[in-house]
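Listed features, source TrEMBL:
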- 62-168: domain 'Transglycosylase SLT' (DOMAIN)
- 82: active site (ACT_SITE)
- 95: active site (ACT_SITE)
């Protein structure tokens, strides 16, 4: 399973999800659904709970993934984590009005593009993810490609200036688990047809 594929502005290398270790959702994150457990199992359950809503956006996710060279499973995982496939949004807004759309683009740093569930929004947000992966690659050239991907996912949540080491990649992300939860959800989506 690869999360980055195709030739694109990011490059032509692929990142194997099999080589990405993920601890999954923290107890705090899994409490959203009152699961009573945490870890990969919780991430997978939340991804599964979002899958019916996610399927409404599948064709858009696939097109954007193909255009940007990012595996649709990773895009779906971020959508699941950020907005619960739109279920956690209020007229497209989340994070107390500071974030827009399925992938929750932070409007304090970016202008919102497109409707909350549009391809334009997904393309913008996926472009932001690619930008952060590149920033982490430049910041940590000795990290493996998989570690850089995970660092880029964490940076999507909190900015690359807050990623200081791989061992503590999620130390200050939302729920202290962002990249680990997203990777676990992405693996679930990949196994389930994305």
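Just so it is clear, glycine is given a Cβ too, placed from its N, Cα and C backbone atoms.
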(request) Pop the Cα-Cα gap between residue 82 (active site) and residue 95 (active site) into the table, whole Å please. (result) 9
(request) Note down the number of other Cβ atoms within 10 Å of the Cβ of residue 82 (active site), including every protein chain shown. (result) 25
(request) Would you count the other CB atoms within 10 A of the CB of residue 95 (active site), including those on all shown protein chains? (result) 16
